[in-house]
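Listed features, source TrEMBL:
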- 6-23: transmembrane segment (TRANSMEM)
- 69-90: transmembrane segment (TRANSMEM)
- 97-117: transmembrane segment (TRANSMEM)
- 129-148: transmembrane segment (TRANSMEM)
- 160-180: transmembrane segment (TRANSMEM)
- 186-206: transmembrane segment (TRANSMEM)
Amino acid sequence: MEASGVFDSLLSGACVVFTLGMFSTGLSDLRRMRMTRSVDSIQFLPFLTTDVNNLGWLSYGALKGDWTLIVVNAVGAVLQTLYILVYLHYCPRKRAVLLQTATLLGVLLLGYSYFWLLVPDLRARLQQLGLLCSVFTISMYLSPLADLAKVIQTKSTQCLSFSLTIATLLTSASWFFYGFQLSDPYIMVPNFPGILTSFIRLWLFWKYPQEQDRNYRLLQT
């Protein structure tokens, strides 16, 4: 096997391992919901938006014939759907959760209908779907900016997860280089904000270490 083929295989494997590792961070929330039989302090929207994002990229991967995208996002969609079902089981306000789910699934169904019925040209369909997935992924990576502003205001990183930050950095970097290797801007570009926000979070962890936060709270009490 040529050196470039080995590198491509390693890069593809890194994308699979790091992304599935990031998706599996939701297992801790799953265990907490089952142990406490409640959804207290667990947000539903990230599960739902990640599921929709997985389904979008799964369609893009299937259209492109990219098995790395297909495998990662198929497994990711299954995991996020599992998280959603468990959340729904323990959530006392099921109506609001079902409404959010139905709304996003309706938007997703309309998108599928548009791309598969109204865009017959395969190349145009791939480009438009790639653009839509890119925009959605960028919005997901930029959505935690409010948390970063809160960290700066409170000088506390208690609302951030260090393990998730590392997982996001590794996942975003691997997909960025994967997209660069394939010359696919729809994969490469949306992962750059993930790298940027991860470095910002790491800087915040360095500037406001959590041990310092605990000591500060003890002094306050």
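Each Cβ is built from the backbone N, Cα and C atoms, and glycine gets one as well.
In TrEMBL, annotation is done automatically, which means it is predicted and not curated.
Same-chain residues lying 6 or more positions outside the transmembrane segment (160-180) and placing a CB less than 8 Å from one of its CB atoms are 11-12, 14-15, 18-19, 21-22, 25, 68, 141, 147, 151, 186-189, 191-195, 197-199, 201-202, 204-205, 210.
Counting same-chain residues at least six beyond the ends of the transmembrane segment (6-23), those with a Cβ under 8 angstroms from any Cβ of the stretch are 50, 68, 71-72, 75-76, 79-80, 164, 167-168, 170-171, 174-175, 177-178, 181.
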